[in-house]
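First the structure, in the form of structure tokens, and then the observations on it.
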Amino acid sequence: MSILFNAYPLARPALFAMDAETAHEVTLASLQRAYDCGTTRRWLHDQPQLPTTLMGMTLRNPVGLAAGLDKNGAFIDALGNLGFGFVEVGTVTPRAQSGNPKPRMFRLPKANALINRLGFNNQGLDAFLANVTRSRFRSQGGILGLNIGKNADTPIERAADDYLIGLAGVYPHADYVTVNISSPNTKNLRALQGGDELSQLLAALRDKRAELAQQHARQVPLVVKIAPDLSQEQIDIIADTLLSNGVDGVIATNTTLSREAVQGMPHAAETGGLSGAPVHELSLAVIERLRQRVGSALAIIGVGGILSGQQAREKIAAGADAVQLYTGLIYRGPALVGECVGTLKNTAR
């Protein structure tokens, strides 16, 4: 295994001495330099593999990168070399936006958690697509998911317009498209998870996808990312709505607004979505309920609080077909990818 994998625990104190968002940027820039120098070429080959079928696609393994780490699709190739079975980038909005004021990302180390209120900060669809089309990841067999959202200044009643623009833009370049309706950092966005609102949005996206599928001679799977802060009744309504509108998969889950697991910790009162270890059990409950409701009709990608191979296994056992990592990478480093794949491979024997 590359020395850079083993060096992350040594580098972490220096990174954690920085502002969380600055450390994020420094880490991505360092990874890109390592990729450009050829240092990362062996990483992918060093990782255990576990071929997995997901929504008709063949993944090298069922451990993916969650959206949010690379919002602008600028580091796809470098991230793809860490051994992920699939990579998801975004969320991208039609127009560039700066997001919420800084500071807007906070670590809670005692809980292996993170709070962010970034607010879909990104360079916009045109810049995003320029980065995606420059990437070689897909041409080398990688599976790429592109995550779309709405601009903060788009009225919620016009949200479908932004998603339709996003879908049309990313469609030719995506192996699957994720519709992000669950970030807590865009005002009223989670209202789109309601039955009527969700049904109207998905009906519009379904019709647009049919048009794009004919135009591009291929049907790209459509996935919806949902929140963990849902009642069982709400989960059932969402599941039924996804099924009735021809959606292919669901990502469970996004960040939580709950602070029950981190009360009293520094930064716990900050506004934003909480990710990391405290989300694991919440995500498991949503996955279990979804699987009970949809049977095998929908693919489920489990995300939230995976900091070990065992927790990846628990997501799969709860009903997920694949998993994604984000905050766990901040606390554990890139070695977490191989650990999760290895654990799942051993479980499958």
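Backbone N, Cα and C atoms are what each Cβ position is placed from, and that goes for glycine too.
What Swiss-Prot records for the substrate site is ASN116, ARG117, LEU118, GLY119, PHE120, ASN180, ASN185, ASN254, THR255, and among LYS71, LYS208, LYS315 the residue it adds there is LYS71. Of all the Cβ atoms in the protein chains shown, 24 others lie within 10 Å of the Cβ of SER183 (active site, nucleophile). The full span of the recorded substrate binding residues, LYS71, ASN116, ARG117, LEU118, GLY119, PHE120, ASN180, ASN185, ASN254, THR255, taken as their largest Cα to Cα distance, is 16 Å. Annotated pair GLY119 (substrate binding site) and ASN147 (FMN binding site), C-alpha to C-alpha distance, rounded: 14 Å. Highest local Cβ density among the binding-site residues LYS71, ARG117, LYS225 belongs to LYS225, counted as other Cβ atoms within 10 Å over all protein chains shown. Under 8 Å, Cβ to Cβ, and six or more positions away along its own chain, TYR326 (FMN binding site) finds LEU65, ALA66, GLY68, LEU69, SER275, VAL303. DSSP assigns LEU69 (FMN binding site) to coil, not to a helix or a strand. Taken over all pairs of the listed FMN-binding residues (ALA67, GLY68, LEU69, ASP70, LYS71, THR91, ASN147, ASN180, LYS225, THR253, GLY276, GLY305, TYR326, THR327), the Cα spread reaches a maximum of 20 Å, rounded to the nearest whole number.
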